[in-house]
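Chemist: Pulled these features from TrEMBL for this protein:
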- 468-478: compositional bias 'Acidic residues' (COMPBIAS)
- 485-494: compositional bias 'Polar residues' (COMPBIAS)
- 23-448: domain 'Major facilitator superfamily (MFS) profile' (DOMAIN)
- 228-248: region 'Disordered' (REGION)
- 451-540: region 'Disordered' (REGION)
- 21-40: transmembrane segment (TRANSMEM)
- 63-84: transmembrane segment (TRANSMEM)
- 91-110: transmembrane segment (TRANSMEM)
- 116-137: transmembrane segment (TRANSMEM)
- 181-202: transmembrane segment (TRANSMEM)
- 266-291: transmembrane segment (TRANSMEM)
- 303-325: transmembrane segment (TRANSMEM)
- 332-353: transmembrane segment (TRANSMEM)
- 359-378: transmembrane segment (TRANSMEM)
- 390-412: transmembrane segment (TRANSMEM)
- 424-448: transmembrane segment (TRANSMEM)
Amino acid sequence: MGRPDPEEGQLPAPVKPPDGGWGWIVLLGCFVITGFSYAFPKAVSVYFKELMKDFHVGYSDTAWISSIMLAMLYGTGPVCSIMVNQFGCRPVMLIGGLLASAGMILASFTTNIIELYLTAGVLTGLGMALNFQPSLIMLGTYFDKRRPLANGLAAAGSPVFLSSLSPLGQVLLEKFGWRGGFLIMGGLLLNCCTCGAVMRPLDMGMKRKMGKAQDKYEAKEMLPIGGKSEEGISTTDGTKKGKKAKKKPKKGKKLLDFSIFSNRGFIIYTISKFILVLGLFVPPILLVNYAKDTGVPDTEAAFLLSIIGFIDIFARPACGMVAGLKWVRPHVAYLFSFSMLFNGLTDICSARASNYTGLVIFCVFFGISYGMVGALQFEVLMAIVGSQKFSSAIGLVLLIEAFAVLIGPPSAGRLVDALKNYEVIFYLAGSEVVLSALFLGVASYCCLNRGKKEPPPENNPSAGGGSDTEEAESDVQEAEEHSSSNHQPTHSTDNAMVAANEEANHVAEEQSGEGGPAGDGEVLARDGCNADQMVERDSF
């Protein structure tokens, strides 16, 4: 009779993404979070020279700061998935913003390199991880048809922030030293809390409107009846209490869905990304110090990262628009493979660059290819596993990539210290990226074409993984069993329920903008009844 209370365990059916509306605000928040998450570990490399002098360490030691940040961003993926599925995106992001800021503030007071690893590396990296993954989940919740474009625009936050944070870090280093720079950077990271605050759950507005409509009709139809209405209300209250007691022992939803490992496409994607990450981040991390060692002034060396960022700004949205085309979107995995091949060949062909002009040319082509990779990586994953299992899939993928992050840049830094030659590093990094591209393209063509009998992912996305749909279906079945065992409600109470459901359906049609039969079915599913039950109640 009364509307289901979500706090009592009643899960709504998946809500259709609006592809706009408040989603543009969510996209803006995701833009900022992506910018901090990916650009910050690279921008910190501006401070490495001063850290080497103050702490009397080698370049490989300072490179561990960026590597630990990226390792926390990737390695804590399953933890983030569990926290998001348990508490929701918004609380997790607020905590993450506070941790990221606290890490950089504490790093400004450190006295040795180990303390830097724990503060700027572990604490800040964990905070950015708790922001990055939930923001991508919310983006997939709010966008479906425009999802490739949304992913491209959100991914553009990385180059925008890289092109601004790197010069800003150089200015802060010159005026305040590395300690003052870290302190100010910590203050900037508090903006992550603001981005977390705008991550409103998608079905909140729908629940509120349906609740108001049902309350209105309950008050209008039930109150004038008198004694019978009180009997109906008491029956309903008893039903609620019984349902509440029945739901308490019910098994909670899955916090991490390991069934995605049965998807061959997911396995191919994970292996390819592991090989890719071994070499993808090496060139931008080494670029500034490589330029300084060749005699390029510090300011101009830092500007090289700004060139990559500026080109990347336009490459990511453009690639997202191309990936959203009807004839491209079904083959987006091959476009991703081409972008990785382009990036690897850029590293190999530019390994002999020994002057500032050659480094600028390298930055232009690297920015284009790097932007294509950044715009497509999570779109491909969403296309493979579907948005219902995306929260679990991204956590597991990031965990596996964390091992590659811990191997790649530190190993490159150690080779630089040993060989004093950057050319070998660029050849090695480019070869790893090319290998990942060839593996993804060939394996997708040979394996997935034979496995097309697998059912496609469901069209209705959800932010909480595949377990939400299963639990929603169990709620509907439970409601059907309960209604079949209680066939004695009054005629007036049934009329009120019919009217309330009609009004709720009307509200749902206005919310979705389509108003088809599918929308009616969704609302009936949320109320725990279906069309057969409505006919059965009218017969009484």
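Backbone N, Cα and C atoms are what each Cβ position is placed from, and that goes for glycine too.
Nobody curates TrEMBL annotations by hand; they come from automatic prediction.
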Chemist: Mind checking which residues reach the transmembrane segment (359-378)? Cβ under 8 Å, same chain, six or more beyond either end.
Modeler: 38, 136, 151-152, 155-156, 158-159, 273, 276, 280, 283-284, 287, 290-291, 294, 296, 304-305, 307-317, 319-320, 323, 332, 335-336, 338-340, 342-343, 346-347, 350, 353, 394
Chemist: At a C-beta cut-off of under 8 Å, are there same-chain residues at least 6 beyond the transmembrane segment (91-110) that contact it? List them, or none.
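Modeler: For the transmembrane segment (91-110), the sequence-distant neighbours (Cβ-Cβ under 8 Å, at least 6 residues beyond its ends) are 33, 36, 80, 83-84, 116, 119-120, 122-131, 134-135, 179-180, 182-183, 185-187, 189-197, 199.
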Chemist: Sequence-remote contacts (6 or more beyond its ends) of the transmembrane segment (181-202), Cβ cut-off under 8 Å?
Modeler: 15, 17-18, 22, 25-26, 28-30, 32-33, 36, 40, 47, 88-90, 92-94, 96-98, 100-105, 107-108, 120, 124, 127-128, 131, 134-135, 138, 141-142, 169, 172-173, 463
Chemist: Is the count of Cβ pairs under 8 Å between the transmembrane segment (116-137) and the transmembrane segment (390-412), pairs 6 or more apart in sequence, 3 or more?
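Modeler: Judged by the Cβ rule, the two regions touch, with the required three close pairs present.
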Chemist: By Cβ distance under 8 Å, which residues at least 6 away from the ends of the transmembrane segment (390-412) in the same chain are close to it?
Modeler: 60, 63-64, 66-67, 70-82, 84-85, 129, 133, 136-137, 140, 254, 256-258, 260-261, 266, 269-270, 273-282, 285-286, 378, 381-382, 384, 425, 428-429, 432, 463-466
Chemist: When each of 21-40, 266-291, 424-448 is checked against the transmembrane segment (63-84) for Cβ pairs under 8 Å, which one has the most?
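Modeler: Maximum Cβ contact count belongs to 266-291.
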